[in-house]
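Q: Submitted below is the structure of interest, expressed as structure tokens.
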Amino acid sequence: MARAKFERTKPHVNVGTIGHVDHGKTTLTAAITMTLAAQGKAQARKYDEIDAAPEEKARGITINTAHVEYETEKRHYAHVDCPGHADYVKNMITGAAQMDGAILVVAATDGAMPQTKEHILLARQVGVPSIVVFLNKVDMVDDEELLELVELELRELLNEYEFPGDEVPIIRGSGLKALEAMTANPKTLRGENEWVDKIYELMDAVDNYIPTPERDVDKPFLMAVEDVFSITGRGTVATGRIERGRIKLNETVELVGLRETRTTTVTGIEMFKKSLEEGIAGDNAGLLLRGLKKEDVERGMVIAKPGSITPHTKFEGEVYVLTEKEGGRKTPFFAGYRPQFYVRTTDVTGTITSFTSDDGSAAEMVMPGDRIKMTVELIQPIAIEQGMRFAIREGGRTIGAGVVSKIIE
């Protein structure tokens, strides 16, 4: 078992394929698994296995997502691929499958298409940090100038959405040709087939260009309060799941949201009725807070490293509005609509002041099934930050899912 243990030391990165329908995302995903399986670094997955993506629920929304995993010399990857366009929209907005980087698949025969643009825009809005491009189906294009033109257009498009279009690696290849080569001889290694080599070239780009994300435990401490108790003779305990960072005894923290920010000291950390010296990301813990009464703390506040997060009331969000079939509204809504925004552990009422379409023009109303950018004003300040996910609820049921794309005030 020594081998398995050794591999756990590789950094883990979450990636996904994005791009226009029928440009070859799933074929490429299958080709990557089969190519790396020849080195024993992946389980080979056929196209049909990936395409028949199981349904999952994220924030009450059903999404079809396929997950595959593989590794390179440098890293371990979890890779997500979605069968339908709506699944991508929902996946990226809910953050159901977090992406530290994306592989944008573009067919050389078509160039950039509407969903290519939409996926780049979404990646920008939801905070996908890096994109690597795979120019697919190049075996079907004889004209070198045409390929260069498509690349140029893609770089301009990436720049337009604030990705460094001039630096983004663009790898030319053919997912299908690589898949055919690997199917004919599953033991094909690097240097034995030109199309398989393109898959290795792509993985090199992913390895080297997509930065290793900072681990949750290394980020500034944050825990959203779920419940508050009073323990006679000891004080007030707030419970919740530590979202990121670590907390040690006697560290100073801030209580942020709903009221004036307050500073306090953590005098006890408990988990499963046992005292701990330290709590880390992922732990469900109870924190004993010095000098606070039970009524000073409420669900929806966050306990965080001082200065790391601030309360806000106005933000812009990229939102997917559920269809009636998904349990959402039957009717459209307009600016001035006042639903609840469920953030981390609590609902806060807010007014949607305006809607913006992808082209920057104002939209009058929003229909179930739409994706839209909206400006929201909450009635109480809460701890929010760019990239944070939220749900929109009406009478306790979810009618939309969103991500904060910009803080206004």
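Note: Cβ is positioned from N, Cα and C throughout, glycine not excepted.
Residues annotated as domain 'tr-type G' in Swiss-Prot: 10-214. Positions annotated as region 'G1' by Swiss-Prot: 19-26. Annotation comment: Swiss-Prot describes 19-26, 81-85, 136-139 as GTP binding site. Feature annotation from Swiss-Prot assigns Mg(2+) binding site to Thr26. The feature region 'G2' is assigned by Swiss-Prot to 60-64, with similarity to another entry given as support. Among the features that Swiss-Prot reports, region 'G3' is placed at 81-84, with the record citing similarity to another entry. Residues or ranges marked as region 'G4' in Swiss-Prot (evidence: similarity to another entry): 136-139.
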Q: Around Thr26 (Mg(2+) binding site), how many other C-beta atoms are within 10 angstroms of its C-beta?
A: 23
Q: Please report how many Å separate the Cα atom of Gly19 (GTP binding site) from that of Thr26 (Mg(2+) binding site), as a whole number.
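A: Approximately 10 Å lies between the Cα of Gly19 (GTP binding site) and that of Thr26 (Mg(2+) binding site).
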Q: Per DSSP, what is the residue count of the region 'G1' (19-26) in each of helix, strand and coil?
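A: Computed counts for the region 'G1' (19-26) are 2 helix, 0 strand, 6 coil.
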Q: Of Lys25, His85, which of the binding-site residues has the most Cβ neighbours inside 10 Å?
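A: Per the Cβ count, the most surrounded site is Lys25.
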Q: If you count Cβ atoms within 10 Å of the Cβ of Gly19 (GTP binding site), leaving out that atom itself, what do you get?
A: 26
Q: Where DSSP helix means H, G or I and strand means E or B, what are the helix, strand and coil counts for the region 'G4' (136-139)?
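A: Summed over the region 'G4' (136-139), the classes give 2 helix, 1 strand, 1 coil.
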Q: Would you identify which of the binding-site residues Asp22, Cys82 has the most other C-beta atoms lying within 10 angstroms of its C-beta?
A: Cys82
